[in-house]
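Asks: Please see the structure below; I have some questions.
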Amino acid sequence: MAPGWGFVPARLTNWSNNVHGLNMPEKRSQLLRQLWAAKASVAFLQETHFKGGDVPKLENRRFPLGFYANHQTAKKAGVAILFAQTTPFLHLASLMVPMGRYLFLKGTIADHAYTFACIYCPNRGQHTFLSWTLAKLERFREGLLVLGGDLNIPLDPRLDTSRGMIAVLAHSIRLTQRAMHKIGLVDCWRACNPEGRDYTHYSTAHAQYTRIDYIFLAQEFLNLLQGSEIGIISHSDHAPVLVHTSSPLFKPSERQWKLNETMLVDLELT
């Protein structure tokens, strides 16, 4: 469908958050409401804490399509990717790890190839995990690549921590940065805020705010980036990250009027 006939280009809002467990129905409901309020198109979730194949119902009519990678023996780790009803994702292939640390999806939206990836890094050895995982992603990816996740490490301690430093070896941070650069991933929030300071997590153990949650876009598609922001902490101990990109979809340029069918019932009764 072409623009100019009552339609304008739509955008994809990518939303990523460490949800700190979703086994309580109230938390799942709160999350879905928050996603809808944020007009999220694709949601990358980390630390779902679902176990094996025993996945509680998370999708609803507004987010009818969900994919999961869960820990096989315990309610820990776990990642998921949800798609809104407004995002017609046609799934073609998946790649995941049994320990619930990453999930890769490949498919199309309006005949355009997309790869969506969700990663939850361990608290230690992040650079080793990322080097191994991103090498798999590089072989799997096709089309536009979007990666959301909790890396458990700030990529630039000078700007991404409230104290300007962190108890992680500089060598580990350099290797982590190198792993991201190797496959051409760009930190979207930093691209929109080159010298900005904002944080996604507060560590009580270190009494420090850090930005350790990210959404990355493949460098060759950076021209599609329209904006990025960090939300507020609500149902989790991490703030969500939002990234807006242009998409091959279109939406009505004006709000469409719809008849309230209850009015017809009232007329029949009078």
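The chain as shown is numbered from 1 upward.
Placed from the backbone N, Cα and C atoms, the Cβ positions cover glycine too.
Relevant sequence annotations retrieved from TrEMBL are reproduced here:
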- N18, E47, D150, N152, D237, H238: Mg(2+) binding site (BINDING)
- 18-238: domain 'Endonuclease/exonuclease/phosphatase' (DOMAIN)
- Y120: active site (ACT_SITE)
- D150: active site, proton donor/acceptor (ACT_SITE)
- N152: site 'Transition state stabilizer' (SITE)
- D213: site 'Important for catalytic activity' (SITE)
- H238: site 'Interaction with DNA substrate' (SITE)
- H238: active site, proton acceptor (ACT_SITE)
Asks: Counting every protein chain present, what is the number of Cβ atoms, excluding its own, within 10 Å of the Cβ of N152 (Mg(2+) binding site)?
Replies: 22
Asks: Starting from the Cβ centroid of N18, E47, D150, N152, D237, H238, the recorded Mg(2+) site, name every other residue in that chain with its Cβ within 8 Å, sequence order please.
Replies: N17, V19, H20, Q46, Y120, T200, H201, I212, D213, S236
Asks: Given the binding-site residues E47, D150, and counting only Cβ atoms in the protein chains shown, which has the most within 10 Å of its Cβ?
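Replies: In terms of Cβ crowding, the pick is D150.
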Asks: Give the distance between the Cα atoms of H238 (Mg(2+) binding site) and Y120 (active site), rounded to the nearest whole Å.
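Replies: Cα-Cα, rounded: 13 Å.
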Asks: Pop the Cα-Cα gap between D150 (Mg(2+) binding site) and the residue listed as 'active site' into the table, whole Å please.
Replies: 5
Asks: Could you tell me the C-alpha distance between N18 (Mg(2+) binding site) and D213 (site 'Important for catalytic activity') in angstrom, no decimals?
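Replies: Counting only the Cα atoms, the answer is 8 Å.
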Asks: Sequence gap of 6 or more, C-beta under 8 Å: which same-chain residues meet both conditions with respect to D213 (site 'Important for catalytic activity')?
Replies: S16, N17, N18, G149, D150, L151, T200, H201, H238, A239, P240, V241
Asks: Based on Cβ atoms within 10 Å, give me the single least packed residue among the binding-site residues D237, H238.
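Replies: So among D237, H238, the binding-site residues given, the one with the fewest Cβ atoms within 10 Å is D237.
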Asks: Taking the Cβ of the residue listed as 'active site' as the centre, count every other Cβ atom within 10 Å, in any protein chain shown.
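Replies: Excluding its own Cβ, the residue listed as 'active site' sees 24 Cβ atoms within 10 Å.
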